[in-house]
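Taken from TrEMBL as is:
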TRANSMEM  B:7-24  transmembrane segment
TRANSMEM  B:30-49  transmembrane segment
TRANSMEM  B:56-76  transmembrane segment
TRANSMEM  B:82-105  transmembrane segment
TRANSMEM  B:160-178  transmembrane segment
TRANSMEM  B:209-233  transmembrane segment
TRANSMEM  B:245-268  transmembrane segment
TRANSMEM  B:288-310  transmembrane segment
């Protein structure tokens, strides 16, 4: 008895009971402190000829995930944090498909990205096998949203909307300057986006009084643009409309500069370089006053400007892929939050009914019809004073267009 | 039994491949196998003409793309079903082989001249497909997603892999049979010495045309498989140089002029690349670097390809001599 008294006192029993109670309660406390994570797939081509765009897309997605996690994660799911599962599409449709399978096996609840239309077409179809939500970041082919896939959503504008806006803004630009430009040369890459755009331009521009002097196609990649530049020089067009990816546009503009070709303006559509700060910084003279109708962030939104500053402060270059992917990831997070679930059907339904407006693009609340965000539209931009400025639409333009440049 | 013995390695590989869909459940692995075996099938087509017949082609994309486009047009523009589309695509590849073969072999093109002319044909086809309405122009052709065996689209990847494996086995058996046939001997004869073969009474033009037609048909079948699996083709995918290079490398790394070489080569090249990718984690392009390294090593140190290693160990004789008698009793 004395031994019992010596070893286990009342105080000891009470203390031990309290400790036991606390330790039993701990798992609950721990659960609350470390909420579960939700894996989302980010698919971008970071090897192959689209690697530069893929890296930009990844940067945007990373910033969005950080923003969401820093602001409490997914509120309706106990503040669950987002975790990125990255997939390299290798600039090919089969590469994208393989990564969709891998990301699915790693338990992602949705995928964002793809960049190029062929990758988006194949990857979203692979994701459709599991009804896995897929948000297309850039891919402009309208076929992407014409397949009745209930898992595929495109946040940005498609080819049709971009070309309509581009033509409308070009006509407005020319009229405002007293219609100085009358002749046009179209230069385009011979793939899906360049050829389609050139064909549309060749049909639509004559209706607005422009004469198409010639349509010049080039392959991607192209190593030399001398012949194209010489041909343009001999044609002496008022306007040059290039529709190409980054490398070819830079090569063309530099060659035109070397050949002293001086049109009234360069007006590109969905161009890979004209809205890329790398081009502006590396070749300021060739990039000066180049116009582009493209995706762009909304300069009126503080979050957009903060994102831009954050990217640039980290030594990165700003391009449209960043705000687009940033917004797409936030859109997916919002859908998961509203669905209060990561079940594919619930997230797809939430996306279809989405009226998300906390993005950084100039679109207004999202409204999906057949998977396409109907409010999405491009803007017209111009390189002025080594910066990319919005020139249309007027209600949030931060610069007046400079046109004609060689009048 | 003696007549079946040459088929033994083919049957063993065939059984191993056929068992894969039964045991592999990961869609990542299934997807890898489908794509790699599609490349292996196309490579087997190349190997028949280049490996056995010695007619090196740099433009097998011409057949791959023709098969894919013919089947897509057959289904989308003409409204026929996918199974007959498969046959139509394969026959279109044979026809493309006949046309390209007739024009180039009749003109007496050999060696690097033949290689360059095939490259040119593939490029011409690419430009035509990129600009023609019937092929969807630069936008390409998107086959509607209608999952069902009648549309040659399967709900699970294992079934599609089963179909691909069946095709690979059929082609392996066909090539093994050709090796032992009179036609196979004529092919090897014209590879070794065309003038001598002609002097011995071999109709060189007919043998070459037969080979290129068969080669075109097999590679076109792989093109149809690509179409049915990814449901989208454009000129860059169907007639791009990537597939011409892939088939050539798979056959060379596996073992030129061997029956199993293209399958072994494709599995090795892609397998090592994928393995490196999964081990290296987020390092972009590591698989491509490893792919290149394997290629360099194979070309530098394995003149008989990977299949040649096994054969060299079995029989201590020069690889050049061993090549034509692989699998023989």
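Glycine residues also receive a Cβ, built from the backbone N, Cα and C atoms like all the rest.
Predicted automatically and left uncurated, TrEMBL annotations should be read as such.
Of the recorded ranges B:30-49, B:56-76, B:209-233, B:245-268, B:288-310, the transmembrane segment (B:160-178) has the largest number of C-beta contacts under 8 angstroms with B:30-49. Listed stretches B:30-49, B:82-105, B:209-233, B:245-268 were compared with the transmembrane segment (B:56-76); the greatest number of C-beta pairs under 8 angstroms is found for B:209-233. Beyond the transmembrane segment (B:82-105), the same-chain residues lying 6 or more positions past its ends with a Cβ under 8 Å from any Cβ of the stretch are 62-64, 66-72, 74-75, 114, 117-118, 121, 150-153, 204-205, 208-209, 212-221, 223-224, 227-228.
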